[in-house]
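Encoded as structure tokens, the structure appears first; notes follow it.
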Amino acid sequence: MDAELTNRSRDAINAASNRAVTEGNADLTPAHLLLALLQGQDNENITDLLAAVEADLAAVRTGAERIVAGLPSVTGSTVAPPQPSREMLAVVADAQARAKELGDEYLSTEHLLLGIAAKGGAAGEVLEGQGASAKKLQEAFRKARGGRRVTTADPEGQYKALEKFGTDLTAAARDGKLDPVIGRDQEIRRVVQVLSRRTKNNPVLIGEPGVGKTAVVEGLAQRIVKGDVPESLKDKRLVALDLGAMVAGAKYRGEFEERLKTVLAEIKDSDGQVVTFIDELHTVVGAGAGGDSAMDAGNMLKPMLARGELRMVGATTLDEYRERIEKDPALERRFQQVLVAEPTVEDSIAILRGLKGRYEAHHKVQIADSALVAAASLSDRYITSRFLPDKAIDLVDEAASRLRMEIDSSPVEIDELQRSVDRLKMEELAIGKETDAASLERLERLRRDLADKEEELRGLTARWEKEKQSLNRVGELKEKLDELRGQAERAQRDGDFDTASKLLYGEIPDLERDLEAASEAEEEVARDTMVKEEVGADDIADVVASWTGIPAGRLLEGETQKLLRMEDELGKRLIGQTQAVRAVSDAVRRSRAGIADPDRPTGSFLFLGPTGVGKTELAKALADFLFDDERAMVRIDMSEYSEKHSVARLVGAPPGYVGYEEGGQLTEAVRRRPYTVVLLDEVEKAHPEVFDILLQVLDDGRLTDGQGRTVDFRNTILVLTSNLGSQYLVDPTTGEAEKKQQVLEVVRSSFKPEFLNRLDDLVVFSALSQEELSRIARLQINGLARRLAERRLTLEVTDEALAWLAEEGNDPAYGARPLRRLVQTAIGDRLAREILSGEIKDGDTVRVDRFGDELIVGPASGKTL
């Protein structure tokens, strides 16, 4: 008998035997088997069969438990294993006879249930009492099988295979579970046209990730439900197949193929009533092929696809289609391509407006129309690595989620007041132990203060709860209204006009009036509210900023003032280069005011001048101004790119070369942080081909890396530095205008015209004057003073000492760098020796003064170093 049992039948009989041992029963009865069938894992086929004859599962289980409890039990250490009772043998014999009658090769759990109903004695009576007679069960069993025979050891997993391995999208549309699909009429019409063909009626939707391929299929499901399709598709079921579920748990070779064959047979038996949908269609190529087998899912589908027996809609991305589907021409020719293009910003706004109600109901917040417009436009401009409408929908969803989190969290006023109350309570406990008069008086004052704050806290908390209730009330009403509209639509579709009229002319208008009243009440509360209840354009901009680091929101008053004073801020670090500071400041202001060219970098400059005059320092100061960190910039030393083959390191090695997967040093840095300062230092030392790469960046604000990805440079400030012609700038015999002209001539002879023509500005840094060196000396001294302050040392430097530093450190050919070295050697080195020797201790004041042609460094008490 074992050889004829299916896997689940064997498991059920073993479980029944174990139950008999546990209960101490000498006989294995049909009641044990019935309980095992009801309580086993993956027993949905048994429960579905009993549900089909409207039997009460709980009552059947209770009846079987009662029978088992009434059986005689045997105790002792030498109890023999339970033996099948006469009734049990009769049940198995009846099950075998029924299996033979139905032409089945294996004995399944359904056969055993039929045997219990027919020959199970008391257990059969329990089933009969619940309306599950052998005759009714056999009819339900035949209907569920659909004419298929049991020819494998796992037939139970094959019944209702389509239901098990698929999701009915038309049922979801009927229940209002799918989001509305706005637009995409042309794509849906093309899909319907292909599905209406006689053969090869299989459209495949191809497009970039996030453009709405799955939404097109959901739109088709909604049209089928509404009847807005040709006769050939009316009343059809659109089922999304889950290949992952088919593969999951397929332990043995051929198990996946068996499941897929069962699904395909069920689709074929439906006589064209089922249209299938496979998302990520490329997964069918290679799915299920194990070892040396060539029979993957794609090859199993081909015959039915070609004959028109299987109407299938696929969806995949352009890259996956090219890599997987096009490599199998026999599979490709069975599908008809439907290209789903990225919608425009205007179309995306329309889509967002259609989805707005769903997101408002889910998050229980209001979403302003300006937020939808901002989501579409800002995502299109700043999130270039993804596609509309998906990225815009994500922005709205996350902004609404943030606001909901803020609403559910305590407002700042309540939080601060609660902390204050907690502090006063702790203080009260501490002072309460004191008995002196001063402490008692302080305790009295503290308790009065605590009572006032607790009363204020109660008032604020009550107000906050009221505001939250008002917000939640509006959200709940919107959700209920959405649900009732769905019910009304279903009632109209099903011809239940009585229910539809009750909803449309009774409940829905009442609910709309309640919603209007609740919204008005909310507006009253909102005039002086503690919590914000509407997602606005600024919230969307905040999400964009958190994703990309790009400040896309409106300028706050403090930031406006900061930008207007940008020259002063940069001038605190960069001495004497007014033209360069103004050029960079103007570029940043254009960008933040929103009037910069959106298709070019924020600014691109070539800084020219002798060494040590502040070219690199200005780039650092700019990064510090924008990001509060001078290291927050992409700095590339172009002397490392002096050879032709090293150019590929900027954008990444081409395919087949070492480092292909790593990406380029320039492109990867900007891709990770699109709003940044890019400093290309000493560009004249780079190979000429580097400038050919930069042409695209300077003109269109984009660059394609070694892996074919387009990197967006439109939010970067590009700074290139060079020493070309610096010998003219330090020549004291020529005027300023002539110096600059000579430098520009050298630059024009060194760089191609098309490169120079794309730069926003060529900024010539002038040599530093004596006065400017004095100011730089003060900056260097201030830096040293800050480092000494960490050791609680105070540094005092006289004006005479500063003048000496400026004189001694003045070398026009080398700029301010000799001055930095002089401060380090003349002051820093001496201080280091004395600190280590203990001559200067923490808390001392150090004085630096000039004595003749020397610098005197010593404690303020007068001792020199």
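Just so it is clear, glycine is given a Cβ too, placed from its N, Cα and C backbone atoms.
Source: prediction; values computed, not measured.
Here's what Swiss-Prot has on this protein:
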- 1-147: domain 'Clp R' (DOMAIN)
- 5-71: region 'Repeat 1' (REGION)
- 84-147: region 'Repeat 2' (REGION)
- 160-342: region 'NBD1' (REGION)
- G207, E208, P209, G210, V211, G212, K213, T214: ATP 1 binding site (BINDING)
- 343-549: region 'Linker' (REGION)
- 393-527: coiled coil (COILED)
- 559-767: region 'NBD2' (REGION)
- G609, P610, T611, G612, V613, G614, K615, T616: ATP 2 binding site (BINDING)
- 768-865: region 'C-terminal' (REGION)
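Structure with Swiss-Prot features highlighted.
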residue	record	contacts (Cβ under 8 Å, 6+ apart)
G207	ATP 1 binding site	K213, T317, L318, L339, V340, A341, E342
E208	ATP 1 binding site	T317, L318, E342, F387
P209	ATP 1 binding site	T317, R386, F387, D390
G210	ATP 1 binding site	R386, F387, L388, P389, D390, K391
V211	ATP 1 binding site	V340, A341, E342, P343, F387, L388, P389, D390
K615	ATP 2 binding site	A580, F607, L608, G609, T721, F765
If you measure G612 (ATP 2 binding site) to T214 (ATP 1 binding site) at Cα, how many Å is it? 59
The region 'Repeat 1' (5-71) - residue tally per DSSP class, helix then strand then coil: 49 helix, 4 strand, 14 coil
Looking only at Cβ atoms, how many others are within 10 Å of the one on G614 (ATP 2 binding site)? 24
For the binding-site residues G212, P610, which Cβ has the most other Cβ atoms within 10 Å, all shown protein chains included? G212
In whole Å, how far is T616 (ATP 2 binding site) from T214 (ATP 1 binding site) when you measure between their Cα atoms? 51
Within the region 'C-terminal' (768-865), residues counted as helix, strand or coil by DSSP: 51 helix, 19 strand, 28 coil
What's the CA to CA span in angstrom from T616 (ATP 2 binding site) over to G212 (ATP 1 binding site)? 46
Residues other than G207, E208, P209, G210, V211, G212, K213, T214 within 8 Å, Cβ to Cβ centroid, of the ATP 1 site? A215, T317, V340, E342, F387, D390
Nearest to G212 (ATP 1 binding site) by Cα distance: which of the binding-site residues T611, V613, G614 is it? G614
With DSSP as the reference, give the number of residues of the region 'Repeat 2' (84-147) in helix, strand and coil. 47 helix, 2 strand, 15 coil
What does DSSP say about K615 (ATP 2 binding site): helix, strand or coil? helix
Row T214 (ATP 1 binding site), column other C-beta within 10 angstroms, all chains, value 17
